[in-house]
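As recorded in TrEMBL, the features of this protein are as follows:
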type	residues	note
TRANSMEM	6-28	transmembrane segment
TRANSMEM	40-64	transmembrane segment
TRANSMEM	70-88	transmembrane segment
TRANSMEM	116-137	transmembrane segment
TRANSMEM	149-171	transmembrane segment
TRANSMEM	183-204	transmembrane segment
Amino acid sequence: MEFSTLFAFLGAAIILTLMPGPDNLFVLAQSIAQDKKAGFATSLGLCTGLLVHISAAVLGISAIIYQSTVIFSIVKFAGAAYLLYLAWQSFRAKGDPFTLEQQNAQAYVTLYRKGILMNILNPKVSLFFLALLPQFVNPTQGHVALQMLILGIVFLVQAFLLFSLFSIFAGKVRKIIIGKPAIAKRLNVVQGVLFTFIGIQIALSKQ
């Protein structure tokens, strides 16, 4: 694979990752609610989910999901239900969100798992890779699956780096919000609304 192709793909990947979407919004929400380390854990979970989708695209599983309305719908509504469940948890949470999160600051494994589930249960991610990766593959060079895998890894690495930057930024925003109790007390509601929005977005997604 030529370096020019890799650089072109990297540029496209960065632009696509920076666009507002479920993953980066989820990272921002967790980082503001807890801290940047929580954002890192969430980012790692999301990227683990990306690895699953990349593997599915390389192995041709994504094509099967795309062709099956039933499978697509099952994964889609499972993802939407999970996000709405997280929204419900946020709405029913009581007290200062920062105090509650500080008591569970070591529960990064839980955040990692949330990141994995949220990403895996979004079928649009698999279809995204199914549509994107082949555009940068040169069949004449052979090893098409290997080329797709390399591109997928490049996407994964840049995504984690950008998600980490989002976490650092959100961590700084968190410090500002902590000093404003009126805003902090409404954070659970804001987070619940965000999860609801993402859940509805996934539920309304089409093949």
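Glycine too: its Cβ is placed from the backbone N, Cα and C atoms.
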* **Tertiary contacts of the transmembrane segment (40-64), as residues 6+ beyond its ends and Cβ separation under 8 Å** => 23, 26-27, 30-31, 71, 108-109, 111-120, 125-130, 133, 145, 148-149, 152-153, 155-156, 159-160, 163-164, 166-167
* the transmembrane segment (6-28): which same-chain residues, six or more beyond its ends, come within Cβ distance under 8 Å? -> 39, 42-43, 46, 83, 115, 118-119, 122, 132, 136, 150-151, 154-155, 158-159, 162-163, 166-167, 169-170, 194, 198, 201-202
